[in-house]
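Colleague: Once you've had a glance at the structure underneath, I'll fire off some questions.
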Amino acid sequence: MTGKKRSASSSRWLQEHFSDKYVQQAQKKGLRSRAWFKLDEIQQSDKLFKPGMTVVDLGAAPGGWSQYVVTQIGGKGRIIACDLLPMDPIVGVDFLQGDFRDELVMKALLERVGDSKVQVVMSDMAPNMSGTPAVDIPRAMYLVELALEMCRDVLAPGGSFVVKVFQGEGFDEYLREIRSLFTKVKVRKPDSSRARSREVYIVATGRKP
């Protein structure tokens, strides 16, 4: 019985996924994921990326955000990306495969950043979802806290942070924490984000010294 329900649910998800206009556009444009459009919307409203910037991309695979940012920062820019999953190479992207929660992976990532002045940290990280908010939300909040810790370590004064967050327990406290570190903070729900999803994007600019 459970198997049948799961099968029906999977079928509905696949039908929704492939009929999604952003999925279709991504396929036509040869993009790695529909996430490309989310970041494009954020860039149109918040102008985060400029030529020559150094950007850290957390939760990068399959590469939609890195693929987008390469077009914005140009050949003199640099992207340092990390994900637990493998990612096909992108010119201009230094990719590290590993679990961001692992201290050794974090250390390796910081070594790759080195003395670079990072202007943007972006995180599209999400845990494997169980479908139970009481389990999923704390897991997701742990990841976004780690992303904010990365900001504290590498983000230059005046820099920006964009992070996917799932609304639920801990969201308001996290938002307050970000407001204490940045001069301007917005919560965005891009049109390309599925309406039924709890996800929103916090866009924080002007990191305080």
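Positions of Cβ are set from backbone N, Cα and C atoms, glycine also.
Pulled these from Swiss-Prot:
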type	residues	note
BINDING	GLY63, TRP65, ASP83, ASP99, ASP124	S-adenosyl-L-methionine binding site
ACT_SITE	LYS164	active site, proton acceptor
Colleague: For ASP99 (S-adenosyl-L-methionine binding site), write down the residues of its own chain that are at least 6 apart in sequence and whose Cβ falls under 8 Å from its Cβ; none is a fine answer.
Modeller: LEU84, VAL105
Colleague: Round to the nearest Å and give the CA-to-CA distance linking ASP83 (S-adenosyl-L-methionine binding site) with LYS164 (active site, proton acceptor).
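Modeller: Each residue's Cα considered, ASP83 (S-adenosyl-L-methionine binding site) and LYS164 (active site, proton acceptor) end up 15 Å apart.
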Colleague: So, three-state DSSP: helix, strand or coil for LYS164 (active site, proton acceptor)?
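Modeller: In the DSSP reduction, LYS164 (active site, proton acceptor) maps to strand.
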Colleague: So which binding-site residues out of GLY63, TRP65, ASP124 end up within 10 angstroms of the residue listed as 'active site, proton acceptor', measuring C-alpha to C-alpha?
Modeller: ASP124
Colleague: Sorted by position, what residues of the same chain at least six away from TRP65 (S-adenosyl-L-methionine binding site) have a C-beta under 8 A from it?
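Modeller: Counting only residues 6 or more apart in sequence, the Cβ neighbours of TRP65 (S-adenosyl-L-methionine binding site) under 8 Å are ALA35, TRP36, LEU39, ASP57, MET122, ASP124.
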Colleague: Including all protein chains shown, what's the count of other C-beta atoms within 10 A of the C-beta of LYS164 (active site, proton acceptor)?
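Modeller: So the number of other Cβ atoms within 10 Å of LYS164 (active site, proton acceptor) is 23.
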Colleague: Run through the Cβ atoms and count how many others sit within 10 Å of the one on GLY63 (S-adenosyl-L-methionine binding site).
Modeller: 24
Colleague: According to DSSP, which kind of secondary structure is TRP65 (S-adenosyl-L-methionine binding site) found in, if we only use helix, strand and coil?
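Modeller: For TRP65 (S-adenosyl-L-methionine binding site) - judged by DSSP and reduced to three states - the answer is helix.
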Colleague: Of all the Cα pairs drawn from GLY63, TRP65, ASP83, ASP99, ASP124, the residues the record ties to S-adenosyl-L-methionine, which distance is largest, in Å?
Modeller: 18
